[in-house]
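Note sheet for the following structure.
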Amino acid sequence: MESGSSIDLSPLDLVAAILQGKADASSLLSLTRSTVSDGNGDLLVLLATSAALLVGLVAALVWRRSAAARTAEPPKPLLAKKEAEPEVDDGKRKVTVFFGTQTGTAEGFAKAFAEEAKARYEKAAFRILDLDDYAADDDEYEEKMKEETLAFFFLATYGDGEPTDNAARFYKWFAEGKDTGNFFEKMQYGVFGLGNRQYEHFNKIAKVVDELLAEQGAKRLVPLGLGDDDQCIEDDFTAWRELIWPELDQLLRNEDDVSGASATYTAAIPEYRVVFYDHEDSRIQEKKNANGYANGHASYDIQHPCLANVAVRRELHTPASDRSCTHLEFDVSGLGLHYETGDHVGVYAENCIETVEKAECLLGLSPATIFSLHTDQVDGTPLSGSFLPPPFPSPCSLRTALAKYADLLSSPKKAALVALASYASEPSEAKRLQFLASPSGKDEYSQWIVANQRSLLEVMAEFPSAKPPLGVFFGAIAPRLQPRYYSISSSPKVAPTRIHVTCALVYEPTPTGRIHKGVCSTWMKNAVPQEESSNCSSAPISVRQSNFKLPMDTSLPVIMIGPGTGLAPFRGFLQERLALKDAGFNLGPAVLFFGCRNRKMDFIYENELNEFVEAGVLSDLIVAFSREGPTKEYVQHKMAEKAVDIWNMISQGGYVYVCGDAKGMARDVHRALHTIVQEQGSMDSSKVESYVKNLQMEGRYLRDVW
């Protein structure tokens, strides 16, 4: 915790506190004398006094933010959206393909579907649209959507049943808007969802959109497609896509039109045009400040991150631990990057040098190779027959490209195997790659690649004759390296110029014997902070808004459950409560259930947590140690021991927060909460389910899980 930091509470914050009943006027009047300059103090006293007199009249009108039932809107883009190109009435049936994507997979499927559909149906015009680019506001969504007659939606579900950043505005308008009756009666549609069956809210966004479209008059062409990334989502997409063609044949092809009906479609392998440069040429240099970072702009998003230095890095585990957890602080002073307690930070880390050198060897190229990528021909006409993502900033060296932009450690998709097969000079290797990518090789792919967690580099090493050119490697084989998201473990009330991250090192063996090192966690562990060197580490970062917030009424009870690095957002919560307490706010009770293996090894932030207890911002610290006693003890066991207290806090309007592993811990905690409600509330199982659902709908049961 940053000691001695000033509390960032504005005069309007203080006046609002009176209006919202979180503090009395007398405490705030005394506080203003010590926190506000003489020039503003008298004005604030007048404002505070007036507010106190009016509080009885306006309290019922004060709007209180609901922390759940709203989807946080992503930051506005830096650049104004392009004006939509006017549609030309060429007599063709208009088909719109929408996508909501977080990592690019949904966008890739949308483009692959549209490319094949274009080849099949020459009398139709296909548009591929990012849902965020489709409309500037709710009115435009309403105006344009009601005119769509044939549309397909590719929608990923992210986090705890949330829409992706670029689908957040659309989903908020679509799912939370007023009942519009048969609003979509003109539309025929199909929906394909991308999710992971291990998560509770599997494909929630696609399910909601599919159901609401049908309820509001749209005609479903094919059943909802449920892509499962826990298995082979490409196979799910292929199976769903094959259901569509017979339906589109009836809609988009005349009876006498047999062109393309029986033709076999072969997708083109995406390939950038590559220009190589003499690295000795003084005109071609890598410019560190010209690689897409948005430093200096008023707002940022994950497509426009800002470059932030690492200010502090320290190990949180003791030397007795065989694992590692890093506390890292990004310096955001002067960048104009702001965050709220409970938000997430997206971090673009680099591949470690060992991984990069392995890739250079497999590609057979010098790390000093300077090149640029292009999506057009030399004459400026677009490359046809492919769906290339925008190229990363170039010219750059091969080493830079592999370190910053290429995902080298994930398992390769089947489309990547097809591309590798096309450039394998050894026939047996090409045949094996083609088999793994084929429907008949489905089981072999699932076992040899997915179950064994083989990375792209491992697969390339198994097929050494496959030497794809750089345009194919970056266009069709190596996906773009994605940002890693972390729950911010600080509060801007205490650390306004720092974003704190709490990150456990990913270092584990795979079935093949390879040691998998997490890209971002390894980078953080090895980062050089400003406090050690002026030549410190830095990374592009951005803030993603979250609904994981403390209640607006600070007097309400708070229950926090977060083992391991799940503690991160609660550290920010407790910093926030400390700032509010120092400002005179009335705080309700707060209980933290934390879990780790052993007090002497991995009890992270132990001293800070004890200080929060002593300061009165944490009422009870309850720790489960899973490796100390004869039996393993976890947070859900401690919850059972405190069942009466938990039920009393919930009954008093308390909020329940859970952060951590979605597949294990969060499920166990969810079951424990059901048991507590059933036993302490004397409810049957059906009423328990309804009660917990209502807590979620009211924003009083929130989860930040991964």
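Residue numbering: from 1, along the chain as shown.
Placement of Cβ uses the backbone N, Cα and C atoms for every residue, glycine included.
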Residue among Trp448, Trp647, Trp706 sharing the FAD site, where Swiss-Prot lists Arg484, Tyr485, Tyr486, Ser487, Thr502, Cys503, Ala504, Gly518, Val519, Cys520, Ser521 as binders: Trp706
Number of other Cβ atoms within 10 Å of the Cβ of Val519 (FAD binding site) across all protein chains: 23
Whole-number Å value of the largest CA-CA distance among Arg323, Thr565, Ser626, Arg627, Lys632, Glu633, Tyr634, Val635, Gln636, Asp668, listed as NADP(+)-binding: 24
Binding residues Arg484, Tyr485, Tyr486, Ser487, Thr502, Cys503, Ala504, Gly518, Val519, Cys520, Ser521, Trp706 (FAD) - maximum C-alpha distance in whole Å: 17
Neighbour-count leader, CB within 10 A, binding-site residues: Ala156, Ala504: Ala156
Most Cβ neighbours inside 10 Å, all chains, among the binding-site residues Phe202, Tyr486, Tyr634: Tyr486
For the domain 'Flavodoxin-like' (95-245), mean pLDDT (0 to 100): 93
Secondary structure of Arg323 (NADP(+) binding site) (DSSP, helix/strand/coil): coil
